[in-house]
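What TrEMBL lists as compositional bias 'Low complexity' is 24-43, 90-117. The annotation compositional bias 'Polar residues' is assigned in TrEMBL to 50-61. What TrEMBL records for 208-217 is compositional bias 'Basic and acidic residues'. For 54-88, the entry in TrEMBL reads domain 'WW'. The feature region 'Disordered' is assigned by TrEMBL to 1-61, 83-117, 208-235.
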Amino acid sequence: MSESTTTPSESKEKSRGPSPTPAPSASSEAPAASDPTESATPTELPVESAPTTEPSPTAWQAIFSPQYNAYYFYNAETQETTWTNPLQPPEQAADPAAASTSDAPAAEPSTSTADPAVPHYTALQNAAIAQGIDPALAYLDPSLAASTSSADPTGLPSFQAKFNARTGQFAAMDSRSPAHLSEYERAKRMSEVFFDVAAWEQNLAREHAAEAEAGGEKKRKRPSKKDLERFKQQKKLKKIAKTAWLRT
């Protein structure tokens, strides 16, 4: 049998095995680098609108000034004060005929669905503005509601009354006048709980009328000389009677 002999060079080649395939170069697969000038330019951002400086309607506050007896308006955001109501809608144009003709097509569909309470509320606010009261607080004044109820453009009957919280009786609308809190009126209301003050006043008026018919007020009668001598004699007799026991 013949034995095969291998040379050292052949054994080294067998131990090495198959040669690996060359790896792909990074330059062939990597994408081409972009131009540095193009990547450095920032992207355009959307232009944001500047915030409006107009204050929100809820920031206005109505404050009463006792010095001027009127309301002024203060803005908590812009620290602004004004005498005109910023929440009141602007007045209509100077020419009402032109405004009515231009707004006629738009006003026609709204008339059919108008709320009957809107004209009454508008009249209430106008009455409050005329008296220098905040329109938002006009519903708190019953006198304004009474003045606008008679001029209700809707034609619906409206009634209003005030009741006494203690007795339940009807109270007049002028009970809010300063004379209602005078000393005489307060004493009269307290006395009506125990006495008939109205009957006493009528009786007193009849007595004054009778005195006026009789010749005016009663004058004090002056004593005569005889009356003065009689008074002196009576005084002297009383003094003698007190000391009579000393002479016995």
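Backbone N, Cα and C define each Cβ position, glycine as well.
Because TrEMBL annotations are produced automatically, they should be read as predictions rather than curated entries.
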### Query
By Cβ distance under 8 Å, which residues at least 6 away from the ends of the domain 'WW' (54-88) in the same chain are close to it?
129, 132-137
### DSSP residue counts for the domain 'WW' (54-88), split into helix, strand and coil
3 helix, 14 strand, 18 coil
